[in-house]
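Colleague: What TrEMBL records for this protein is below:
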type: REGION; residues: B:1-20; note: region 'Disordered'
type: DOMAIN; residues: B:29-199; note: domain 'CobW/HypB/UreG nucleotide-binding'
type: BINDING; residues: B:G33, B:P34, B:V35, B:G36, B:S37, B:G38, B:K39, B:T40; note: GTP binding site
Amino acid sequence: MSRAALLVLADGRFPAGGHAHSGGAEAAVRAGRITGAASLEDFCRGRLHTSGLVSAALAAAAALGADPVALDAAADARTPSPALRVAARRLGRQLVRAARATWPCTELDALARQFPKGAHQPVVLGVAARAAGLGPEDAAYCSVYECVSGPASATVRLLSLDPFDATAALARLAPELDVVAHAAADAARRALADGVETLPAASAPLLEIGAEAHAAWPVRLFAS
Amino acid sequence: MHLDHTHDGPSAVSADARRPDGRRRALRIGLGGPVGSGKTATVAALCRALRDELSLAVVTNDIYTREDAEFLLREAVLPPERITAVETGACPHTAIRDDISANLEAVEDLEDETGPLDLILVESGGDNLTATFSRGLVDAQIFVIDVAGGDDIPRKGGPGVTTADLLVVNKTDLAPYVGSDLERMAADAEAQRAGLPVVFQSLRTGSGVTAVAGWVRERLAAWTA
């Protein structure tokens with residue numbers, strides 16, 4: 001396996017549509033919950049330990065070879081907001097396109113065939129990691145990093161926040177990213193034996209509510 | 001690049017000329033250019049000029065609203081199901097060049113749901129002079145500037161002005177009012193573009209979008225030949 005493949009998959013410029021999504025940051029900025037670097041860090045920490053853990057565990061389980069259909073149903077069950085389900089499937093469809101071109105393999109072809117309108121993005125991310133020769137920890141690391149880097153880069157655009165301050169906030173979160181990535185990979189291994197229903201089901205109600213409100217705005221910079 | 005040759009396989013991953021069912025896909029033409037140069041007005045005029053002879057659809061890439069898509073809907077240039085708006089996260093140049101996945105899905109869905117189509121126009125939100133379309137997304141691109149934006153734009157060049165398959169200099173009827181020298185713009189454009197075509201156009205007077213529509217017909221003839 002190639003360590004560099006992890007960098008290719010985790011690169012924020014990997015062409016899978018993430019640039020158009022704020023990870024809930026646009027709604028949080030409008031609501032006054034993100035006003036600068038400190039509150040961005042708080043927002044990212046909350047997202048990391050809730051939906052971030054859930055997504056990373058799904059990605060790790062997919063990387064271990066768990067059934068994508070069962071994982072996609074588990075992702076639906078853990079995503080109450082219809083707007084977030086739509087966004088996750090849209091991003092999953094874009095990721096499967098990019099991953100098939102980058103690491104062609106029959107598993108990704110099968111996933112594209114099973115979900116023509118897209119599976120949940122974390123599930124696709126795990127299968128893509130597997131196709132790239134990466135393991136469950138790698139998939140979890142990609143997932144937790146994009147969970148915090150997406151809101152950070154969106155907030156730089158939304159608040160004209162100093163990009164160095166936003167990046168420093170990400171660096172301060174790094175030890176917690178380690179903890180959540182490993183917890184997610186451990187949970188994924190247990191779920192292989194005990195079933196996908198045992199995967200983490202943490203939730204962040206404000207992210208769900210904010211996503212529903214955001215989807216109804218007539219004017220917005222980001223798709224979610 | 002075909003990863004799956006079966007006719008009922010999943011959708012293609014790149015700019016394949018054939019759709020998964022083996023049929024030739026629609027010709028895709030991108031329209032880019034600075035804010036306010038008349039991209040949406042040109043798209044609307046092209047739809048009116050071509051809709052009776054071709055099956056066509058439009059994808060818009062707005063910066064922070066659905067204004068362009070809603071303008072086209074309000075003007076009723078095409079049925080609503082043939083107009084799709086892609087959200088770009090405030091960066092249309094990213095969505096048309098660096099990360100084209102959302103636009104590829106939009107064009108494929110339009111063909112699936114309203115096809116067969118002959119032509120899809122992909123309009124970028126107003127951007128800067130360096131914004132160009134990926135060759136993975138469009139087969140040809142039109143760059144639209146206008147005389148009121150400054151008659152030195154052709155001289156300044158940049159990827160849009162220099163490399164677009166067609167350069168449109170719009171709003172020529174305004175030239176006397178804004179002091180733009182059309183002959184100088186034509187000479188500068190010719191010097192920058194190494195023989196690539198340039199059209200001077202006014203949608204309010206004269207022959208309107210006729211010359212651009214003619215160029216589109218030529219591209220379509222070459223595509224289906």
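Each Cβ is built from the backbone N, Cα and C atoms, and glycine gets one as well.
For each listed feature, how buried is it and what is near it?
Modeller: Other Cβ atoms within 10 Å of the Cβ of B:T40 (GTP binding site), summed over all protein chains shown, number 24.
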Colleague: Starting from each candidate's C-beta and looking 10 angstroms out, tell me which of the binding-site residues B:P34, B:V35, B:G36, B:S37, B:K39 has the most other C-beta atoms.
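Modeller: When each Cβ's neighbours within 10 Å are tallied, B:K39 tops the list.
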Colleague: What subset of the binding-site residues B:G38, B:K39, B:T40 has a Cβ positioned less than 8 Å from a Cβ of chain A?
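Modeller: In terms of proximity to chain A, the binding-site residues that count are none, since no Cβ is under 8 Å.
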Colleague: Using the structure shown, find which entry in B:G33, B:G38 (the binding-site residues) has the sparsest Cβ neighbourhood within 10 Å.
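Modeller: Candidates: the binding-site residues B:G33, B:G38. Fewest Cβ atoms within 10 Å: B:G38.
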Colleague: Where does B:S37 (GTP binding site) sit in DSSP terms: helix, strand, or coil?
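Modeller: In the DSSP reduction, B:S37 (GTP binding site) maps to coil.
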